[in-house]
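Q: Feature annotation from TrEMBL assigns transmembrane segment to 26-47, 59-85, 126-154, 175-196, 229-251, 271-287, 323-355, 385-409, 447-471. The feature K(+) binding site is assigned by TrEMBL to Thr104, Thr105, Leu213, Gly214, Thr310, Thr311, Met428.
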Amino acid sequence: MVQAFFGILMLLPALTGWSTRHDGVAYIFFGCAVFTIVTGLCLWLTMRKHQRDLIPRDGVLLVPLTWSWLPLFASFPIMISLYHIGRPIDFSHAYFEAVSGLTTTGSTILTGLDTLPISLNFWRTFLQWLGGLGIIILAVAILPLLGVGATQLFRTEMAGPLKENKLTPRISTTAKALWGIYVLLSVLCALAYWAAGMTFPDAIMHMFSTVSLGGLTSHDKSFAYFNSPLIECIAIIFMLLGSCSFTLYFVCIRRRSLKRLWQDPEARATLTVLLGSGLFASFWLWIKDTYPLMEALRQGMFNVISVATTTGFMSTDYTQWPVFIPVLMLLLSGVATGAGSTGGGVKMIRLLILIKQTQREIRRMVHPRAVQPVTIAGQVISQPVIFAVLAFMLVYGMTVIALSMVLLLTDMDMVSAFSAILASVHCMGVGFGEVGPAGSFGHLSNFQIWICSLAMLLGRLEMLCFLAVLMPSFWRR
């Protein structure tokens with residue numbers, strides 16, 4: 001049924017194209033939507049007799065299968081539409097574009113975005129919005145099936161000053177509430193963009209990319225196309241909102257108090273790091289005479305927050321800045337978003353737990369017999385959660401190194417290889433070198449494209465879910 005519902009959503013770009021009367025590829029989206037719906041219903045009818053309650057192992061298998069399967073159907077209208085307008089691409093690149101959208105990575109293999117049919121640009125950006133919403137619902141509805149690792153980490157985020165273990169008694173009610181918050185932020189963002197001077201289609205498409213922290217746009221120049229400080233300020237506000245946990249917004253609304261947002265240690269750390277790094281970068285650009293003061297503040301805040309939140313919008317080619325700033329931005333993209341947000345990376349809560357555990361080990365060297373639990377905001381972090389965080393960080397690092405080495409075997413230069421994998425695993429979308437702001441992923445070989453597609457899926461689903469399916473013990477009864 002998920003596939004059939006996905007097919008129904010595919011009708012939206014078709015309707016968007018028909019509304020302009022000169023789109024030219026809207027009927028392709030309609031045909032692909034019908035195909036997706038029909039095949040989805042056929043699969044559902046075939047499997048209906050075998051329905052049963054999900055067990056944890058089912059959830060572990062369902063998540064990677066769904067996120068690998070849906071891009072297949074999402075890629076069909078992309079590939080066929082580009083062929084129709086005389087810009088053919090092969091399936092691997094179309095699948096990459098679809099994965100990039102659904103995982104909210106924002107990498108692209110396309111150029112000439114301004115001349116693409118509106119239905120195609122709508123679909124590319126809409127996929128990000130679906131992916132951002134899907135991750136939130138996944139975090140609340142699916143991760144509790146996965147046992148200690150992801151579930152306990154999610155609850156740890158809600159610990160601190162927020163004592164609720166469950167947002168609502170029923171998971172479905174929670175998912176609907178978060179869906180409502182997501183839509184509300186989306187509407188506010190679109191209206192703000194429109195009021196600031198964007199055309200209505202641009203406002204909708206860039207809202208999709210902003211709230212989801214995806215970063216795909218309908219213009220080759222990204223936000224430099226608009227050249228508007230007001231539009232950039234609006235983007236900064238909603239990127240900051242997207243970087244914090246949506247479950248936290250639910251609690252703030254229910255308790256009618258924004259104090260809960262700042263009392264949450266992860267949200268406080270995330271906002272402090274983002275705003276602090278943006279101000280520092282602006283100051284550095286000013287003292288290095290890269291820009292005058294106000295322009296340095298504008299460019300520094302927007303681009304640093306964009307990359308650090310794994311969005312990937314750009315208003316200039318920041319690889320031309322003093323090298324320290326782009327490297328800082330790339331590193332921040334791994335940690336400067338919260339668990340339960342639409343952002344990628346390892347999440348700030350894991351970094352906080354890792355720092356606390358390191359502090360405890362240092363103190364134990366001085367006082368080996370002292371009992372010193374790891375706490376965040378007065379809440380004790382259990383050993384299983386700490387071990388899960390350590391295991392995740394190890395797997396994360398090993399995955400980045402391994403996939404980067406694979407790209408190096410294909411004769412890609414070191415800077416491009418490592419930044420391409422980091423951009424994919426962090427779901428940030430833009431790297432350095434060949435895949436920097438001035439380049440794209442379009443020139444990569446099919447093999448390199450598949451590696452980056454795998455990296456995006458691993459990063460968005462946090463790796464352990466994929467790796468669990470590969471273990472022989474997973475398939476034993």
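Glycine is treated like the rest: Cβ placed from N, Cα and C.
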Q: Under 8 Å between C-beta atoms and at least six apart in sequence, can you list the same-chain neighbours of Leu213 (K(+) binding site), or say none if there are none?
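A: Residues satisfying the criterion: Thr104, Gly132, Met239, Gly242, Ser243, Thr309, Thr310, Thr311, Thr337, Ser341, Thr342, Gly343, Gly344, Cys427.
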Q: Does the transmembrane segment (229-251) reach the transmembrane segment (26-47), going by 3 or more CB pairs under 8 Å (6 or more apart in sequence)?
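A: Counting Cβ pairs under 8 Å (6 or more apart in sequence), the transmembrane segment (229-251) does not reach the transmembrane segment (26-47), since there are fewer than 3.
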Q: Report the residues of the chain - excluding Thr104, Thr105, Leu213, Gly214, Thr310, Thr311, Met428 - with C-beta within 8 Å of the mean position of the site's C-beta atoms, for the recorded K(+) site, in sequence order.
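A: Output for this site, in sequence order: Gly106, Gln128, Ser212, Gly215, Thr309, Gly312, Thr342, Gly343, Gly344, Cys427, Gly429.
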Q: Quick check: in three-state DSSP terms, what is Met428 (K(+) binding site)?
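A: Met428 (K(+) binding site) sits in coil per DSSP, no helix or strand.
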Q: Provide the number of Cβ atoms within 10 Å of the Cβ of Gly214 (K(+) binding site), excluding the reference atom itself.
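A: Result for Gly214 (K(+) binding site): 34 neighbouring Cβ atoms inside 10 Å.
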Q: Within 10 Å of the Cβ of Thr310 (K(+) binding site), how many other Cβ atoms can be counted across all chains shown?
A: 32
Q: By Cβ distance under 8 Å, which residues at least 6 away from the ends of the transmembrane segment (271-287) in the same chain are close to it?
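A: Residues 240, 243-244, 293, 296-297, 299-301, 303-305, 308-309, 321-322, 324-325, 328-329, 332, 335-336, 348.
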Q: Could you tally the C-beta atoms, other than its own, that fall within 10 angstroms of the C-beta of Thr104 (K(+) binding site)?
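A: There are 35 such Cβ atoms around Thr104 (K(+) binding site).
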Q: Return the residues near Met428 (K(+) binding site), defined as same-chain residues 6+ apart in sequence whose C-beta is under 8 angstroms from its C-beta, sorted by sequence, else 'none'.
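A: Within the chain, Met428 (K(+) binding site) has Cβ neighbours under 8 Å at Thr105, Gly106, Gly215, Val307, Thr310, Thr311, Gly312, Leu330, Ser333, Gly344, Gly345, Leu422.
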